[in-house]
Amino acid sequence: QNEDHAETHGYSSDDGYDDERDCDYNCNQFQGTRSRSSSKPLPELALSEDETKWRLLIPKVHFPIPDIFLCVVLFTAATVYWNLDEEYGIEVIGYIPTGLPSAAWPLAVAQTQTWTWIEWRPLIWPGILLAMVTYVMSLSVAKHFGREYEYEVDADQEMLALGVGSFVGSCFGAYVCTGNLTRSAILAQLGVKTLLASLVGALMVMMSLLWFTVLFERIPNTILAAVVLVALRSLMSHTMEAKRLWRVGRRKDALIWWSTFVSVTVFSIEIGLGVGLAVVVLLKLYKNYGKFKKSVVLRIKQSVAWQRLMLMLGLQSPLFTTRGRGLYVGDDEDDY
């Protein structure tokens with residue numbers, strides 16, 4: 001058989017053909033036939049005995065397992081069963097008031113009292129900072145997950161949604177709306193794809209506030225902290241983003257990243273946001289330094305001579321909405 005096989009494939013037994021070579025050839029032919037006839041890979045024969053046993057014990061699950069939800073339920077049940085909060089002093093959420101807040105006009109207090117400019121003035125600057133911080137936080141979270149899951153983010157729609165949500169929520173005593181980083185990370189980890197999850201979450205919150213608040217009073221705070229840390233695990237990988245930007249040559253972006261990060265970490269979000277915006281403006285001005293343009297802005301009527309009235313400075317940069325193209329003064333269109 002070996003000789004017939006050798007003659008069929010163009011070599012003789014005198015060329016060093018032996019049983020070992022035939023075995024290698026047959027094995028290669030079998031693997032090639034298996035790879036062409038089936039798309040499934042060959043079984044891994046190099047697995048250890050213990051690893052093979054573990055794979056046989058783990059069932060094949062065709063749906064995502066809510067591991068975060070199961071951990072919260074199990075540890076809450078353990079806290080209630082063994083009375084861990086009272087016996088060992090484990091901190092829990094505690095009392096949660098039952099019921100939904102009643103709707104009321106946000107300025108109901110202002111209608112019963114006379115508010116002057118002195119009383120309104122302290123609220124203006126914190127309101128501006130709060131609007132800027134909430135919008136930047138929401139937009140940054142949306143853009144982060146937009147890059148990760150490859151979809152476009154409309155900044156105008158984000159601002160409109162935040163404004164409407166904050167306006168309606170103020171009638172019920174709610175906080176200012178914003179895109180929460182931890183909640184978004186948890187939803188992304190659970191595989192949420194549409195806005196239906198927000199509707200289901202809102203209904204669950206309403207039902208919980210009406211009837212099931214007692215079930216949440218014994219949840220340990222350590223479990224909530226663990227849920228937040230697990231959800232933020234994927235986002236912590238972006239802490240090395242500045243190093244990557246520096247290596248690829250985007251050093252200005254790295255400078256903006258580090259200045260904002262250090263300012264937020266050391267001081268506060270408001271100061272960090274202001275420092276980041278200031279660095280962006282300074283870098284834009286430095287980039288366009290020496291590119292200022294002068295424009296002659298006035299021509300004397302009935303004269304061909306141009307006279308310099310003022311010096312207009314313009315920057316060819318997207319930082320400004322308009323560019324200095326010159327200002328012309330005259331009585332009618334013929335004077336231009």
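Including glycine, each Cβ sits where the backbone N, Cα and C put it.
TrEMBL labels come from automatic prediction, so no person has curated them.
Listed features, source TrEMBL:
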- 1-24: region 'Disordered' (REGION)
- 61-259: domain 'SLC26A/SulP transporter' (DOMAIN)
- 63-82: transmembrane segment (TRANSMEM)
- 88-110: transmembrane segment (TRANSMEM)
- 122-139: transmembrane segment (TRANSMEM)
- 159-178: transmembrane segment (TRANSMEM)
- 190-212: transmembrane segment (TRANSMEM)
- 255-283: transmembrane segment (TRANSMEM)
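Computed over the domain 'SLC26A/SulP transporter' (61-259), the whole-number mean pLDDT of the model equals 83. Sequence-distant contacts of the transmembrane segment (190-212) (same chain, at least 6 residues past either end, Cβ-Cβ under 8 Å): 64, 66, 68, 96, 98-100. Across the candidate stretches 63-82, 159-178, 255-283, the maximum count of CB pairs under 8 A to the transmembrane segment (122-139) is reached by 159-178.
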